[in-house]
Amino acid sequence: MDFKEETKNLIKVLVYASTSLTYSYYIAKVIPKGFTRLLTILPVVLLFISIPLFFNSVHLIGVLSFLISWLANFKLILFAFGKGPLSAPLISLSQFLSFACFPIGKTDVNKNMSHESLMSYGIKGILLAIFLKAYHDYGDQMSPMLAWILFAFSVYFFLEVMLGISSKIMGILLEVELDPQFDEPYLSTSLQDFWGRRWNVMVNRILYPTIYNPVRTLSTRVIGRVWAPIPAILTTFAVSGLMHELIFFYFTRDWPTWDTMLFFCLHGVSMVMEIVIKKSVNVKWRLPHHITTPFVVVFVFATSYWLFYPELMRCQLVERAFEEYGAMIKIAKGVIPSHLQFVTHHDNKTIGLES
């Protein structure tokens, strides 16, 4: 991977994104909310969809596809209709840019990172290194299920650490609070609890106003308020599946297999069944958490192994990530003093410091 080329493209993309958002901010001053404003913003939406295609780095693709192609685009669609965080009254241009590109929750927050947060991220960072090392060195010798468990925890800890630390840093710089990422999803007591409150809260908070609420409102007129959430849930999961297929396309530049779409549709249907059973039975008691939590975790792991894991393997995320780390180490060798240079041994796959 050519880091110089990636850096040039990143600078271009930052200029394109800032210019496009500035255009959107000022065009709204003269174009009323509604479909007319949506049409004027549509070129920006299309540009943001194409931004990850500028890059080959899995890290840049992952971050930009999530923050720009997904979150920023959905916020712009809400903005076209006068809704969402970008439509806040008296919002400045700098706030508009920040709110569009980052999952900001509220302003005027405490700037200090707690000792508990630092310790939590440190522990998760160590676990991430251990799991990645084990998967990279011994993944071929493990059973597929064990390899998937290691890989799944590696992805979870990577997202937790990367998004968590980024949120803290951006929160301090922008004096805002970013939406949380995860809330101990391994403690979920139901699929509703897992998808609605614990897994990737950032996405939930943008899918709720853009997809779930409009579909539920329309469904209420057709099938009534009691069952209106069902088509809203199914549509939300379908849109999430499409967005994940798009992200996988950014990684592979190949036609989708639609396994990821099937994964999200399966979970959408399963959640609907869960809701229907609760509504139909209408009982006060609930199964104890020590029964429901393992069931939810096993169901998520099993369906992920069946439908999600093959897509992740097709992207070769771990292999490409290690290649990028190796390239960064080579660059560091030219910057760090010779008595503290990183050395790599590709034969035995060890990384250390040369003193």
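The backbone N, Cα and C atoms fix where each Cβ goes, glycine too.
What TrEMBL says about this one:
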- 180-266: domain 'Wax synthase' (DOMAIN)
- 9-28: transmembrane segment (TRANSMEM)
- 34-55: transmembrane segment (TRANSMEM)
- 60-81: transmembrane segment (TRANSMEM)
- 87-105: transmembrane segment (TRANSMEM)
- 117-135: transmembrane segment (TRANSMEM)
- 147-165: transmembrane segment (TRANSMEM)
- 226-251: transmembrane segment (TRANSMEM)
- 257-277: transmembrane segment (TRANSMEM)
- 289-308: transmembrane segment (TRANSMEM)
| So which residues does the transmembrane segment (289-308) touch in its own chain, when a touch means Cβ under 8 Å and the partner is 6 or more beyond its ends? | 144-145, 148-149, 152, 186-191, 193-194, 259-260, 262-263, 266-267, 270
| task | State the residues, same chain only, that lie 6 or more residues beyond the ends of the transmembrane segment (34-55) and have a CB under 8 A from a CB inside it; answer 'none' if no residue qualifies. | result | 6, 9-10, 12-13, 16-17, 20-21, 23-24, 27-28, 61, 64-65, 68-69, 72-73, 76-77, 79-82, 246-247, 250, 253
| request: With Cβ distances under 8 Å as the criterion, find the stretch in 9-28, 117-135, 147-165, 226-251, 257-277 that has the most pairs with the transmembrane segment (60-81). | output: 226-251
| remark: Counted with DSSP (H/G/I as helix, E/B as strand, rest coil), the domain 'Wax synthase' (180-266) has 66 helix, 0 strand, 21 coil
| note | The mean pLDDT across the domain 'Wax synthase' (180-266) is 92
